[in-house]
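Structure, as structure tokens:
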Amino acid sequence: MGEGSLKRRKGEDRGGEDRQSIQSHEPQTMNLQKQANLFLFPLGPCVGLISGICMIVGTIIGSGIFVSPKSVLANVEAVGPCLTIWAACGVLATLGALCFAELGTMITKSGGEYPYLMEAFGPIPAFLFSWTSLLVTKPSSFAIICLSFAEYASAPFYPGCDPPQAVIKCLAAAAIVVITIVNSLSVKLGSYLQNFLTAAKMIIVAIIIVSGIVLLAQGKTDNFKDSFKGSKISVSSISLAFYNGLWAYDGWNQLNYITEELKNPYRNLPLSIIIGIPLVTVCYVLINVSYFTVMTSTELLQSQAVAVTFGDRVLYPASWIVPLFVVFSTLGSANGTCFTAGRLVYVAGREGHVLKILSYISVKHLTPAPAIIFYGAIAIIYIIPGDINSLINYFSFAVWIFYGLTVLALIVMRFTRKELKRPIRVPIIIPVIVTLVSIVLVLAPIISAPELPYLYCTLFILSGLIVYALFVHLKFSWAQKISKPLTMHLQMLLEVVPEEDVTE
């Protein structure tokens, strides 16, 4: 008996009301499917070279360049090494992105590093990446960006002193709540907000760079004399400086999430990387040069909000523009992070690595609301005990473990998976360099300046092995008994449906 006959039989048995319900459900499921596709592929089916470059630049430039200069300088204590670190971070990000370009065109699956680790090392490292991303790296990234927003938003109200931590954390939590609500209510609203905030971001970057170039042309070069004098150079200090610099470059691997939507990806993916990341590097170095034209190293380290201090000294009556646009920039970065990380939670829920409810889609708003709400809730938890510098250090420590492991996967598959087609093939020396640098970045702070939080972070990552054994490998029945009623009640509360129902 055909599907149409079944629908008619059900309609005859249950009356006209059910017939209307069945008929009205069909367009709704179609809309849900379209929304699921929009969520998984938000940039559409055709992304060209210019769009790829814009995505790299727009994703990378966010809160980092307004927060990290102070931390990078604090670790090396001189202008020369500071600018060198910023340039070197750009080179490392470019090399890492080229390695990811080979992986992305060799294994064209969504999920970022997950499928690459799965192909090279099997399910356990892949699960540990998913586990760490969901509960450490992605939420802490969101928390760092919102704390940056809060610092710049509150700085004008506390001239001459640091804003209270309670104010900063409450503002950061409020930003997380607002961004979470916006992205839960509407994908379109989130994308419109992102477009506006990205434009504002580029305006403030242009203002700072142009102001710096004008000041240099006027001869403001005193702070660049003897630029390496008094520097503090050690493996530990350089590693921590790299942590903070690389935080500002985070997002260099984002094009791997849209490989299938790129026009001619074998050409446009490496070209977008080779053009986009060096462009960001030039912007970052010029912004730091601009800071040093009006501030000495000591003054920069004493500044609560570096860009605000720059605006006060350069723009005079219009100095309010700087904190306003920096706030827009950090909000844009937070909004974009929420969107992409919510997507990762969504995929993990669909794969069975977290509660299934996290892969459901809102019936009313057609958004992956449970995934976004979960992500926002975890980010708020990170705000409570942490400060920006500590969060950046532990974020970078965790994320570079998996960046290094993913690039190592590229080297391993050169020997174990020779049959795979490689439209983009980088020289083997590049992944070797990136892997070695990753090892140094992870181990150097632990060896030279060990701290308990690094141990906690490592233990948390390894605790994923227990979770994998109990809930993914063995699939204990008692866990199913707990998760099923929990999923049912949350589904009714949030009014969400599973994607599996949509695709049937």
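From the backbone N, Cα and C atoms, a Cβ is placed for every residue, glycine too.
Listed in TrEMBL:
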{"type": "REGION", "residues": "1-27", "note": "region 'Disordered'"}
{"type": "COMPBIAS", "residues": "10-20", "note": "compositional bias 'Basic and acidic residues'"}
{"type": "TRANSMEM", "residues": "38-66", "note": "transmembrane segment"}
{"type": "TRANSMEM", "residues": "78-104", "note": "transmembrane segment"}
{"type": "TRANSMEM", "residues": "116-136", "note": "transmembrane segment"}
{"type": "TRANSMEM", "residues": "166-187", "note": "transmembrane segment"}
{"type": "TRANSMEM", "residues": "199-218", "note": "transmembrane segment"}
{"type": "TRANSMEM", "residues": "230-249", "note": "transmembrane segment"}
{"type": "TRANSMEM", "residues": "269-294", "note": "transmembrane segment"}
{"type": "TRANSMEM", "residues": "366-385", "note": "transmembrane segment"}
{"type": "TRANSMEM", "residues": "391-412", "note": "transmembrane segment"}
{"type": "TRANSMEM", "residues": "424-447", "note": "transmembrane segment"}
{"type": "TRANSMEM", "residues": "453-474", "note": "transmembrane segment"}
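Tertiary neighbourhood of the transmembrane segment (391-412): same-chain residues 67-68, 71, 96, 99-100, 102-103, 113, 116-117, 119-121, 125, 129, 132-133, 136-137, 140-141, 143-144, 147, 240, 242-244, 246-247, 250, 253, 382, 428, 431-432, 434-435, 438-439, 441-442, 445, 453-454, 457, 461, selected by CB-CB distance under 8 Å and a gap of 6+ residues from either end.
Listed by sequence, the residues of this chain that lie at least six past the ends of the transmembrane segment (424-447) yet keep a Cβ under 8 A from its Cβ atoms are 92, 95-96, 98-99, 101-102, 105-106, 235-236, 238-240, 242-243, 246, 266, 269-270, 393, 396-397, 400-401, 403-404, 407-408, 410-411, 414, 454. When Cβ-Cβ distances below 8 Å are used as the criterion, the transmembrane segment (269-294) is approached by residues 49, 52-53, 55-57, 60-61, 65, 69, 79, 82-83, 86-87, 89-91, 93-94, 97-98, 101, 104-105, 205, 208-209, 211-213, 215-216, 220-221, 223-224, 248-249, 252, 255, 259, 262, 300, 306, 309-310, 313-314, 424 of the same chain, each at least six residues removed from its ends.
The stretches the transmembrane segment (453-474) and the transmembrane segment (116-136) meet in space: the count of Cβ pairs below 8 angstroms, excluding pairs fewer than 6 apart in sequence, reaches at least three. Taking every recorded stretch in 78-104, 116-136, 166-187 and counting its Cβ pairs under 8 Å to the transmembrane segment (230-249), the highest total belongs to 78-104.
Beyond the transmembrane segment (166-187), the same-chain residues lying 6 or more positions past its ends with a Cβ under 8 Å from any Cβ of the stretch are 35, 38-39, 42, 142-143, 146-147, 149-151, 153-154, 193, 331, 334-335, 338-339, 342, 362, 365-367, 369, 372-373, 375-376, 379-380, 383-384. Through the fold, the transmembrane segment (78-104) approaches residues 60, 69, 72, 116, 223-224, 227-233, 238, 241-242, 245-246, 248-249, 252-253, 255-256, 259, 265, 269-270, 273-274, 277-278, 280-281, 284-285, 288-289, 292, 297, 403, 406-407, 409-410, 422, 424-426, 430-431, 433-434, 437 of its own chain, all at least 6 residues removed from its boundaries and within a Cβ separation under 8 Å.
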